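Here's the structure, in structure tokens; my notes come after.
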Amino acid sequence: MDPLVSVGHFVEPSKENPQNSEISVKGLRDKGNLMKNRTKSSHICDMCGLVFSSKRNLLKHLRVYSTHNSVCLECGRTFSDKGHLVSHLRVHTCEKSFSCDVCGKSFKYSQSLKSHFRSHTNEKPYACDVCSKALSSKHSLKIHLRIHTKEKPYVCDVCSDAFSYKGNLNIHLRIHTNEKPYACEVCSKTFAQSCHLKSHLLTHSNEKPHACEVCSKTFAQSGALKSHLLTHTKEKPHACEVCSKTFARGDHLKYHLLTHTKEKPYACEVCSKTFAQRCHLKSHLLTHSNEKPHACEVCSKTFARSGDLKSHLFTHLKEKPHVCKVCSKTFARSDSLKSHLLTHSKEKPYACEVCSKTFARSNYLKSHLLTHSKETIHACEICDKAFIKRSELKVHLVVHTKTLQL
């Protein structure tokens, strides 16, 4: 007879009947107490041969043979046969009876071990019907399909952001908890993700292992190389559903969408000013601390932002790597070239919401908006007269200069 069908009964001790600890399994009466003569480290099930690390876990396991119905007494879940119940009980006992002969990693289920073993053999028997990508397990295929279905079953309880993978949700939650469990052993800087720490460590070694096959430029991170390659292909696969503008990177599209929603989820705790991007908030916070952590190695001048330092370095090199394809004029900064190109296209993408007047540059619009608010922010330190535009203050200061000369 199949041992899984040979059932008896197991009665746990209780407060009412503390002596009620009999284990009786049909067909095993002659063996006496199942735990007799067992050592502390050898808790073996006489029914199926499974080994357990503790007597408690063995007793939990024996319950599968003590009931005619395949019902888990821990959680009430029912199963079609005893074998499935035996496998399920490992969830409660945390036993990992199946070990990999190659690397020693252990698993609760034989199927999990089988799937893991494919990582050593590189076997990938499951293929995606949509893109033909091969995967090592049925579970991996199921998760992969979410890329195509856009399914995001894991939702953040704090901000309602949804994710395709549970691991991504767990990482995202650290934004809210500000948890950064990965610390750099060199400078003690902490990170929310291990991959971010790994990338950061390259800044100490100055190692750039990822090279572009087109122009040979090297990068510390594979993601940076991936983004760089789009500059050669000019590919912009991420399109805005509102205005159809396209972007090379998904995160750039995400930030762009905030211009439509006017959403600014990142708030400064000092002055309550809000920002669309976390990096902008980070830069803004330096205005309160007056911290300038980025120093020029040539003249020791310090800057609050790494981008400002990068732009400053061109003043020493006299290098202007950004060339206008229309008139061949060169620029030290890419954003300067971008602004210059508008003079050729006559494009004025920045519109005033009050009077609809358009401008080629965002700072022109910013100055213009002051004419509506009548805000006077540029004050003369000599006579306290105030002006809307800095250029007007500059002209005004000449008056004092001439007076002093007289």
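Going from the start of the chain as shown, residues are counted 1 onward.
From the backbone N, Cα and C atoms, a Cβ is placed for every residue, glycine too.
Small disclaimer: the values here were computed from a predicted structure and weren't measured.
Listed in TrEMBL for this protein:
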- 43-70: domain 'C2H2-type' (DOMAIN)
- 98-125: domain 'C2H2-type' (DOMAIN)
- 126-153: domain 'C2H2-type' (DOMAIN)
- 154-181: domain 'C2H2-type' (DOMAIN)
- 182-209: domain 'C2H2-type' (DOMAIN)
- 210-237: domain 'C2H2-type' (DOMAIN)
- 238-265: domain 'C2H2-type' (DOMAIN)
- 266-293: domain 'C2H2-type' (DOMAIN)
- 294-321: domain 'C2H2-type' (DOMAIN)
- 322-349: domain 'C2H2-type' (DOMAIN)
- 350-377: domain 'C2H2-type' (DOMAIN)
- 378-405: domain 'C2H2-type' (DOMAIN)
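Per-residue confidence over the domain 'C2H2-type' (126-153) averages 87 (mean pLDDT, predicted model). For the domain 'C2H2-type' (294-321), same-chain residues at least 6 beyond its ends with a Cβ under 8 Å from one of its own Cβ atoms are 283, 286-287, 330-333.
Nonlocal intrachain contacts for the domain 'C2H2-type' (126-153), taken as residues 6+ away from its ends with a CB within less than 8 angstroms of a stretch CB, comprise 115, 118-119, 162-165. When DSSP labels each residue, the domain 'C2H2-type' (126-153) comes out as 11 helix, 4 strand, 13 coil, counted as helix, strand and coil in that order. Within its own chain, the domain 'C2H2-type' (210-237) is flanked in space by residues 199, 202-203, 246-249, which lie at least six positions past its ends and keep a Cβ under 8 Å from the stretch.
Note on the domain 'C2H2-type' (182-209): DSSP counts are 12 helix, 4 strand, 12 coil. For the domain 'C2H2-type' (322-349), residue counts in helix, strand and coil come to 12 helix, 4 strand, 12 coil, using DSSP.
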